[in-house]
Each structure stands twice: as C-alpha cells, then as structure tokens.
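Lifted from TrEMBL, the feature list:
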- A:CYS142, A:CYS145, A:CYS158, A:CYS161: Zn(2+) binding site (BINDING)
- A:2-38: domain 'Exosome complex component N-terminal' (DOMAIN)
- A:51-118: domain 'Exosome complex component CSL4 C-terminal' (DOMAIN)
Amino acid sequence: MFVFPGDFLGYAEEYVPGEGVYEEEGKLYAATAGEVVVEDKVIKVRTVKEIPEVGKNDIVVGRVVDTRNSFAMVEIVRKKGSERALRHYDRALLHVSNISEGYMKNLENGVRYWDIIRARVIDNNLRLSIKEEDMGVIRAICRVCGTPLVREKDKLKCPECGNVERRKISSYYGSGEW
Amino acid sequence: MASEDVKRLKGEIKLIVDGKRLDGRAFDELRPIKIEAGVLKRADGSCYLEMGKNKVVAAVYGPREVHPRHLQDPIKAVVRYRYNMAPFSVEERKRPGPDRRSIEISKVSREALEAVIMKELFPRCGIDVFVEVLQADAGSRTACLNAASVALVDAGVPMRGMISSVAVAKVEGHLVLDPTKEEDFYGEADIPFAFFIRNDKIESIALLQMDGRVTKSELMEALQMAKKGALEIYRMQKEAIKSRYIIEEADENE
Ligand SMILES: [Zn+2]
C-alpha cells in the first residue's frame, strides 16, 4: 500500500511505530510517502527518498579536520551509495590503531590535516578504520607548498617542490573516485 | 492599465457576467492545475507547478548542516523558506532581490510548513525551501506553498501531513475561488488560505491572510469554499507524487 504523509495506518495497540511512522493520541500515521511494510508488529514506511544515516560497516568519505597524537577527527560528507547530505554530521574518530594492519607509532605517517580519506565505519559511535587496501587517503596536499600530491609507489610526491610525504594511501588515490 | 482603471470606474469592466467569471469558471471552480514532482536533479526534493498562469518551481535541500552556525537550534531543525519572483515573471520587469512583499510571503509560508514538518527529528540541521515564481498571476503564494509541500514529500522529509493552499476573493459581491489577476485587482477582497491536511481531512488552518473587506458570514463562507478547493488540490498533489514514484519503480525494473 502506497501512503502519503498524514495517512492513518492503525492504532498504537496494533503496531509498534518504525521508520517513517509517527504516533499521536494513540493513532499511527505515515510521516513520509512510500510503501507500507509490516514486520513482527513493527509498521514502517519505505520512503520514496531516504535521508542517509551512517552506521556500522558503511563506507564514507571525509576530511581530516584535526589531528592529535593518537587520533584524527574526520568530517564525514557522504556515505557511499548516496548523493545526499547526511542526517547527522557529527565528526568521526580515526584512532591510530585503525590506520594500518601493522603497528603505527606516529599518526602523521598515516593521515594529516586536510587529507581527504575513504574509510569504513566500524561501530555505531562513528569510529573509523582505514586498514583495508582500498581505504585511506584519496587526496592530500603538500604541507610545504599546498600543491596536491601525486602518488609514487608507496609515497606521495609534490610535483612542484619535490617534497615527499608518507600516508596510508587508498588504492583510489588520485582516481577522482571513491 | 490606466485606461482600464477608467473603464472600471465607469463600470464598463464586468468581472461576472450571467453568473460566470471572465474565464468561464463557476464561482467555486479552480483554475487548471498541473503538478510534477522531482524535476530538479541537484535538489533533494523538487516540484514544478502551474496554477492558472502561475508557473512556479520549488526546491528542497536538507536536512543539512546550517551555516552560519549561530542559526543552529540544538533541539530541532531550522526551516528556511524563500519566495522569489524572477525579474521576467511579471509584465513590468521586477528588480531582482527580496522586497517587503516577498519577505512577508516567505515568513507566512514558512510558518505554514512548520506546522507539518517534524523538525524535532533533526536537531542542529536546516531544511531549506526555495520557491521561484517563473510566471506570476494572482495567488502565486498559494501556488508556491502547494509546490513546496510536494517538494518536501519528494525529499522524504518527515511530515505530520501535507499543506494545500488556495485563495478566495470577493468580486462584485460574489465570493470566488482561486481568483485570477483581474479578479484580485478589481475585487473587493482577497483571502489566501493554507490548510494542514491529514488522512484526506482538513485538520487546521496553517495560513490565513486577508486584504479587503468581507462580512463575518462571508469569511465563514470563504473558508468553506477554500476547504473544498484545498482538498481538490491535495488530491492532485498526491497524484503527482504517486506518478513520480511509479515511474521510478518501472525504471528500476528495466
Ligand atoms: Zn610542495
């Protein structure tokens, strides 16, 4: 059944309200347009257009906006599979232990301020990991002159000033995709 | 226009002839309406709508981060609405940018939509609604609200119900639904309404303005007329969303 916002779906005694459903004075109504789905007494509306929310196992892209000794803060902009701004835009945390499979002592060998990274969300508290081969930095700028760095094997090199930097580089680096 | 004013003063322009309006409509009849949802690729939700000669397009963005940050509300989303007329939308070119009239329309329209949007679900976020009038006739604010409501549904923004809007005017002593520019211009009163509609029923009034003079009983009659018109519009709004959704389904199955 296709419903519209405000359509009456049933009484609160009959169902548990799920996504896209709201309760008012014991009555359940649709909050979005879409198809009604009932599973185990939970009634929800499969909305015509989802507002993305980030959860465990999602792949995201974001920018490193702060680095400390053992962790970096990352501003997530998009979740893979969605072109839309996220429902919540809290900062995510990337701990130094989640940068590479091996031991990494210095966070700055993995990510640096203003890097753009492709990462996996590993829990529901917005903690990230870039251990996988296709995860990591996908774009970085030279910290000497600000020019975008170019990948050269396992290092990044500045085409302008020749400065060489280390990162946990994603296989997507420089491809313009993620 | 000046010579028409003179004719009007002389009583030469009749807006109602033999119980019919200039465009042949009955007193309680809407202008032709066309609604299409999801017309803009870059917006989260959108709608193109024609109501008589009005041509408007609405775009919804969000929920998204609010800039500047001091406008954020820690417990609910901030709704912003911008009504804007294109310079070429009226007979005499309009200077671009907001003016008193469009600021006022934006405010009352935003308040109407805030009656249905479930803002409490999106703390610190913003929901931005932009409505552009490409061609203006009377009732552009009602056309814009109808388009905005469809665009919000198209964007998947959770709402308690929908908003449908229509105006009633008083012309030569008669109440008429959905007035044209001439009826608005030469009429005795113009009363735009918007309603919060839920489950095919009118729940409450979300917008009510009045310009001109009517008696109390005329206002009550106008309300009944507007309710009937709004429910018709509501059905068309739903149809627009439904047809967009069904087309998308078909695409996915290809
Ligand atoms: Zn450099």
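Just so it is clear, glycine is given a Cβ too, placed from its N, Cα and C backbone atoms.
TrEMBL annotations: computationally assigned, not manually curated.
For A:CYS142 (Zn(2+) binding site), other Cβ atoms within 10 Å of its Cβ number 20.
Ranking the binding-site residues A:CYS145, A:CYS158, A:CYS161 by the number of CB atoms within 10 A of their own CB puts A:CYS158 at the top. Confidence across the domain 'Exosome complex component N-terminal' (A:2-38), taken as the mean pLDDT and rounded to a whole number, stands at 96.
Applying DSSP to the domain 'Exosome complex component CSL4 C-terminal' (A:51-118) sorts its residues as follows: 6 helix, 26 strand, 36 coil. Residue counts for the domain 'Exosome complex component N-terminal' (A:2-38) by DSSP state, with H, G and I taken as helix and E and B as strand, are 0 helix, 21 strand, 16 coil. Taking the centroid of the Cβ atoms of A:CYS142, A:CYS145, A:CYS158, A:CYS161 as the Zn(2+) site, the other same-chain residues with Cβ within 8 Å of it are A:ARG143, A:VAL144, A:GLY146, A:THR147, A:LEU149, A:PRO159, A:GLU160, A:GLY162, A:ASN163.
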